[in-house]
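As written in Swiss-Prot, here are the features:
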- D77, D79, D81: Mg(2+) binding site (BINDING)
- C78, C95, C102: Zn(2+) binding site (BINDING)
Amino acid sequence: MKDWLDEIHWNADGLVPAIAQDHKTGRILMMAWMNRESLALTVRENRAIYWSRSRGKLWRKGEESGHLQKVHEVRLDCDADVIVLQVEQLGGIACHTGRESCFYRVFEDGAWKVVEPILKDPDAIYHAGHRHE
């Protein structure tokens, strides 16, 4: 029997993009990367665990900020190369900038315009020197 993780088309680095989506509203909250271990742990623990490429280690979303993502459903796209996590974003903040979503800029009139407010000052969320969860 084929392992469910083997059905995923991992990139050359053994990663797959993962989109976190609010399970009630459908709003896209963020995009991060997952490897086999992080996806297996996410399914086992029902909380989002990603792979941090910059730190080269597992990234348990919310372990520094308290803004955990409780996973309600895991979906795989038709090409088996993108994951969607339907999550409950605890604390209402997914972005390390203190916003609800990492997608807070809109392209208008030839420039990127910030359209989402900062809900909480990142300095009040993170320990010194640890901004990008």
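Glycine residues also receive a Cβ, built from the backbone N, Cα and C atoms like all the rest.
Positions of Swiss-Prot features highlighted on the structure.
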residue : record              : CB count, 10 Å
D77     : Mg(2+) binding site : 13
C78     : Zn(2+) binding site : 6
D79     : Mg(2+) binding site : 7
D81     : Mg(2+) binding site : 13
C95     : Zn(2+) binding site : 20
C102    : Zn(2+) binding site : 17
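Cβ proximity to the Mg(2+) site centre (mean Cβ of D77, D79, D81, cutoff 8 Å) flags the following additional same-chain residues: H9, L76, C78, A80, V82. The two recorded residues, D81 (Mg(2+) binding site) and C95 (Zn(2+) binding site), have Cα atoms 23 Å apart. Recorded residues C95 (Zn(2+) binding site) and D77 (Mg(2+) binding site) have their alpha carbons 24 Å apart, per Cα-Cα distance.
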